[in-house]
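Quick notes on the structure that follows.
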Amino acid sequence: MLKFQTVRGSLRLLAIRRTSTATAASPNVRRLEYKPIKKVMVANRGEIAIRVFRACTELGIRTVAVYSEQDTGQMHRQKADEAYLIGRGLAPVQAYLHIPDIIKVAKENNVDAVHPGYGFLSERADFAQACQDAGVRFIGPSPEVVRKMGDKVEARAIAIAAGVPVVPGTDAPITSLHEAHEFSNTYGFPIIFKAAYGGGGRGMRVVHSYEELEENYTRAYSEALAAFGNGALFVEKFIEKPRHIEVQILGDQYGNILHLYERDCSIQRRHQKVVEIAPAAHLDPQLRTRLTSDSVKLAKQVGYENAGTVEFLVDRHGKHYFIEVNSRLQVEHTVTEEITDVDLVHAQIHVAEGRSLPDLGLRQENIRINGCAIQCRVTTEDPARSFQPDTGRIEVFRSGEGMGIRLDNASAFQGAVISPHYDSLLVKVIAHGKDHPTAATKMSRALAEFRVRGVKTNIPFLQNVLNNQQFLAGTVDTQFIDENPELFQLRPAQNRAQKLLHYLGHVMVNGPTTPIPVKASPSPTDPIVPVVPIGPPPTGFRDILLREGPEGFARAVRNHEGLLLMDTTFRDAHQSLLATRVRTHDLKKISPYVAHSFNKLFSIENWGGATFDVAMRFLYECPWRRLQELRELVPNIPFQMLLRGANAVGYTNYPDNVVFKFCEVAKENGMDIFRVFDSLNYLPNLLLGMEAAGSAGGVVEAAISYTGDVSDPSRTKYSLQYYMGLAEELVRAGTHILCIKDMAGLLKPTACTMLVSSLRDRFPDLPLHIHTHDTSGAGVAAMLACAHAGADVVDVAADSMSGMTSQPSMGALVACTRGTPLDTGVPLERVFDYSEYWEGARGLYAAFDCTATMKSGNSDVYENEIPGGQYTNLHFQAHSMGLGSKFKEVKKAYVEANQMLGDLIKVTPSSKIVGDLAQFMVQNGLTRAEAEAQAEELSFPRSVVEFLQGYIGIPHGGFPEPLRSKVLKDLPRVEGRPGASLPPLDLQALEKELTERHGEEVTPEDVLSAAMYPDVFAHFKDFTATFGPLDSLNTRLFLQGPKIAEEFEVELERGKTLHIKALAISDLNRAGQRQVFFELNGQLRSILVKDTQAMKEMHFHPKALKDVKGQIGAPMPGKVIDIKVAAGAKVTKGQPLCVLSAMKMETVVTSPVEGTVRKVHVTKDMTLEGDDLILEIE
């Protein structure tokens, strides 16, 4: 660095003495007049313009910027002392190609010299000549040299004359496709088209066969014309797997030429450089000498002055071929500056002033390589979508800096808008270290520090390159990216903070994302979490299970003295009272207290049933993640889930392998006890669920769903003998525990005594578990009767979450058995604290609380037999539709519907079938008799029809006739177990499909969620990809968002806490958006949120639906430049449909399917946003 500072210091000193005459370089060097430059205009934009402005400022030179109408907000115009608009009314690129405007600005503002930067006019001889004709110096080679070097065919001829080896190719630009055919016939494939008047990858296309020739010729010509104003092409033999090595040269007006060694630019995509290295690693010294000497020789051949680059291909045998000269500064000039300590822009300006290289202290023998430098081009491109350019507003920009890191950027800042009009380069990151691995480490660290939000970037891809062993070894060629597909295994950025801000802003603008049934706000205060002792929780029944296995666990339960309790607060209680809406956030907060205080519980019911799909559908949480997190917090108490037999946790039948895999993965994630039931007590379904749970290593708890009344001799269908017979079958099948599942709360104390004592007498060694609901108000009495009759376990809920359609009170059972042989051992004072927490938590869910419409339970449940959760739902639905006064009729219809279907056992999904039929009868004003009489003409609910077809199994006593025959007519009927005929689901294929659909690592848990609920899972993944980890938000923020000026904290993980303050919401803009302002960790953040209500009244181009294969969307924002098909056209898979242009690159959109074009939604020259619908194929 000392040498670097010395050289730059000397250059600044020279700037001060601008009025003096240059000292002679040597006695034999010809003398030129020194003309100091006082004002420089950069005929370019972006980071290269700023790079030149900075150099000029260091030399005391005034700077002038030019900008297009589209660049009014770009940083380069602000970095200059003066800035002027050019190309008014022209297309974005054409503005910077408009020579008359640029010369006019230079003349009118007394500009001494023009720096062309790179790209645009930098290699146009007519521009260099126009500057010279106007009396303005061109900081670069003479117009004649620019013309010769810019014409790649002439440059090739010069190289041949200089004795520099070249690649076989045409001697002049080709003018027709026919000439390309002739060259291919002579030299064979592969060949490459190259733009004759520019580089940077534009106008380059590799062709491997005659079939590809015409399309690639057309595209290359079009790209060259758009980028350089001239579509001329030449064609060369394509050398496969070469290294791309370029040599930096520098010349003065005195004939001095020197080189600054080489750069390795082999890491390319579509012939565009991605990562550049200086010097080239593991380059043979003799090859380096040949490359540098040939470069100097070629420069001397044409009298080259100023900075330039000579590019070569080096084949695998070490033979080099000249390909072109870039008569300008290169994008990657930075790495050469870092390793040679030479400021190339300073040198360019001084040479243009008339100084000699020796004057500047630049002699070949003094140029030494110091360490290694790497440059990464951070672009707004999406590597996961073939590097398609992304556009939009940068919401967050934080760069990586530190020792050995240099950043060259332009409009890389929060609030900057990335348009589709220009190059996608965001910032150049340059790392300098003592050697290649050190520079790579510094670069990797710097990129890891970057935070860019609002647009996609290629940073994840660059990080993969930097960590690649081949790259670290330094031996790469131009096929490096193509031959390392693992580079595209991208780790998605978590981006949690910004996603959460998007969610909060969305809720603030549009309201809750989950349907809110009641207009009630969450409690403004958080529930109080009781004090938790320090240290691990005491041992519990799970420790026995882990030590002795399911059989040993069952023995321990049976041998336990006193009554055991299962707490349903984490699942069934809130399913019954709060529409299953309790979030993981609130479950986690109380979990450590439960682990420490209730270690004597038999189990905690916390998973399965409706909680699985509701978590994804309405709470936007992963149910598996809930299980994993709760397991970590409660290691000592067994977890229990509700498994719907062959239906697992869904509402339909699944292939057997899905049910088995589900149980296996649930067990791996921490589930212990599988309470297996079937809504019809259909034995084949029960046995399948039991087998799946048992094979997974879980505790099998077979559950008999209870209905009727065994204490009533007149109720003969579901008699004591029925239940005893079914119990015999389940015990014979190997259940570890037997459960009576009383989902409606129909067990009266007398019936409890009869049923439980009979089971205890028949199965003295088998643990008995009783589940009920407290709808009638007799739940506590019933559970006490069960306990006295010999039950080992009964279900309870926290006091504040008990009663009504939930389970009986935990505190009541604990108090009633205290000091008796049935003592639960649960500390009553801990129950009080637990209840207080849930009382506070329940207030957060006021919008879902059943007490909004239902004030008490009702003993009429003994007549209508409606299950607890369904009773709550039906009651609320009736009131929400203004039919609260008719709820009695709904209950009456439920009784009639049940009898009409043959008196079913009613639990999900059979209870839903009865409920659907009941509502159908009420809505149509039908009695049971009328519905049965008109059965052949009525359109019954789908669930009823499928039940009668046998899709959920066969009910006890068979299907009701003649109703079944009347309804089904000729519809097919399922014989036997419904899932038995289903072929196994290809889970590996599903995993592959999900990976393609969601573009990230898919877990076995994800696969099973998608197998159970494909549409719900897809929506959940899309939602969380947009809005992030919502379970870190407290429930009030989740439901209604923050108030303006509210400050709060969000803990993402241990040690990572966000400090957020909501600041303001803007008025509606023309795009139907509102800007929402936050303060995040002390920094201002703003996001744009679509106002969904306002947008209903505005017209926007339709978006392609990702799940509809025939809908073809724009892969990137851009302009339609060609449409290749029309409505009615037949297309094949892979056939080009249209061509988009963005950031000076063209992309051909191809058909993903075979079919017929139904409708074309775009026209030529239309500007599209990403995913805008292009056309539909059917």
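Yeah, the Cβs are placed from backbone N, Cα and C, and that goes for glycine too.
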Pick from Lys148, Lys152, Lys300, Lys319: which one does Swiss-Prot list with Glu236, His271 for the same ATP site? Lys152
Annotated companion of Lys741, His771, His773 at the Mn(2+) site, Swiss-Prot, chosen from Asp567, Asp572, Asp970: Asp572
Which residue of Arg496, Arg644, Arg977 does Swiss-Prot report at the same substrate site as Arg571, Asp572, Ala573, His574, Gln575, Thr908? Arg644
Highest Cβ count within 10 Å among the recorded positions Lys152, Lys442, His574, Arg644: which residue is it? His574
Site with most surrounding Cβ atoms, counting all protein chains shown within 10 Å, from the recorded positions His271, Arg328, Lys741, His771, His773: His773
Just counting, how many other CB atoms are there within 10 A of the CB of Arg571 (substrate binding site)? 25
Here are the binding-site residues: Glu236, Asp572. Which has the lowest count of other Cβ atoms within 10 Å? Glu236
How big is the ATP site in terms of the longest C-alpha to C-alpha distance among Lys152, Glu236, His271, in angstrom? 16
Thr1003 (phosphothreonine) to Arg644 (substrate binding site): how many Å between their Cα atoms? 23
When each of the recorded positions Thr908, Thr1003 is scored by other CB atoms within 10 A, the minimum falls on Thr1003
Within 8 Å of the Cβ centroid of Lys152, Glu236, His271, the other same-chain residues by Cβ around the recorded ATP site are Gly169, Ile192, Phe193, Lys194, Ala195, Met204, Phe234, Ile323, Glu324
Give me the count of other Cβ atoms within 10 A of the Cβ belonging to Ala573 (substrate binding site). 29
According to DSSP, does Lys442 (N6-succinyllysine) sit in a helix, a strand, or coil? helix
To the nearest whole angstrom, state the Cα distance for the pair Lys741 (Mn(2+) binding site) and Gln575 (substrate binding site). 16
